[in-house]
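Colleague: Structure below; questions to follow.
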Amino acid sequence: MTNIVVVGLQWGDEGKGKVVDWLSNNADAVVRFQGGNNAGHTIVIQEKTYKLNLLPSSILHNNKLSIIGNGVVLDPYALMSEIDNLRINGININTQNLVISESCPLVLNIHKEADTLFEQLRQNTIGTTNKGIGPCYADKISRRALRVCDLFDKKDILYNKVNNLLNYHNLLRQNFNILPIEASKLVDELLDIAPKILPFVKPVWKVIHDLTQQNKTIIFEGAQGTFLDIDHGTYPFVTSSNTIAPQAFVGGGINLSHSSCILGVIKAYTTRVGNGPFFTEQKNEIGKSMFERGNEIGTVSNRERRCGWFDAVLAKQAIILSGVSGLVLTKLDVLDQFSEIKICTQYKYDGVIYDYIPASSYVQNNLEPIYETVPGWKENTFGSVTYEDLPKNAISYIKKIEEILKVPVYLISTGPERNAMIIINDKFLK
């Protein structure tokens, strides 16, 4: 099996975790390459639900290497909590099956506090998860962030780095009349957590290089979705990292000479958590039905997801940005009850027709979707195990999506369970 990059083609929550978990069975390693514990992957195995935030989905498999790449911002306390919770549930996690990049920036409590403060300052709130992700990435770009490798330092060297970080954060706190953080206190906290983290730490770029030299199969697991990308998303209602497929090379530390199949995961309808434009949103009984049937609650935020019709304009743009080879279509069963289904094929604003998402947030907020209507199937697809099991109109819907997007559907997820997957085209598995 070739290397595979798995990315979401909407606003996240497409079902990437389940897909990566399923693919992991035939892979040697899985790499998380961006984001932090603001991402959430839900995986169901034999009716038991696992919720992952930082750990790659492969951690639930035996004899698979899970890698947290340099593109991830790492909350060490959240990571240890996640590890401890999985161990309680019988999952074996050790230095042989988990590796953490020495270059990961550290997410600390000061970042979470800063996240909350910055959200208060905004005229229009973004709907951040308040996990400290944005402020940590800001520190990284400003070259003052603490990184995992700093936990190896002697106390006096670490103190100087902490003090440099606090020169900024204490100034911010002062403006909000919040007491400053003492450098010595933060140093002690870091030295306390360090022994739990450091055994997992290695130069991840070298680990991945060695795997490629041995012709091992690697999956690169994206978090969030294309239109939460800091550069290509619906700015400013985006995350703080790049979420599209090319980031796998940067955030994992693998060079471009290694060929990969790029799988785009996409729901049969569209959802979004938090604020920001949503062109096909249904604030009516249709959206309510999608929400209820899809159990659309955010894994991390625990907020209700907004729901709407499938947006082919959004999907086409995402496919181009990541160079998607094939699609994984998820949650088809949520549409089972509709007698007719709509697909957005264009937008309209001020007399102009758009076949892409304009960058202007003002224009985005005023786009009107143009729909094509197709017949529904009013039959149950949940748990279907073969393509032939699907209703005729459900197959027609899938083919319509392929026709519009000009990319084949490789897999269809028919339920939350690990093996609830229909394989249409398996060439990427060879």
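The backbone N, Cα and C atoms fix where each Cβ goes, and this holds for glycine too.
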Colleague: Out of Q214, Q224, Q282, Q317, which is the one Swiss-Prot records at the IMP site of D13, E14, G15, K16, N38, A39, G40, H41, T129, R143, T239, R303?
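Modeller: Among the candidates, Swiss-Prot records only Q224 at this IMP site.
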Colleague: So how many other Cβ atoms are close to R305 (substrate binding site), meaning within 10 Å of its Cβ?
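Modeller: Around R305 (substrate binding site), other Cβ atoms within 10 Å: 21.
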Colleague: Closest of the binding-site residues to N302 (substrate binding site), Cα to Cα, picking from G12, G15, T129?
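Modeller: Looking at Cα distances from N302 (substrate binding site), the smallest one goes to T129.
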Colleague: Using C-alpha atoms only, work out the spacing between T414 (GTP binding site) and D13 (active site, proton acceptor) and round it to an integer in Å.
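Modeller: Roughly 15 Å, rounded to the nearest whole number.
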Colleague: At the Cα level, what's the spacing in Å between R303 (IMP binding site) and T42 (GTP binding site), rounded?
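Modeller: Each residue's Cα considered, R303 (IMP binding site) and T42 (GTP binding site) end up 15 Å apart.
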Colleague: Rank the binding-site residues N38, T42, Q224, N302, T414 by the number of other Cβ atoms within 10 Å of each Cβ, and give the residue at the low end.
Modeller: N302
Colleague: Using all protein chains in view, find how many other C-beta atoms are within 10 Å of the C-beta of T129 (IMP binding site).
Modeller: 23
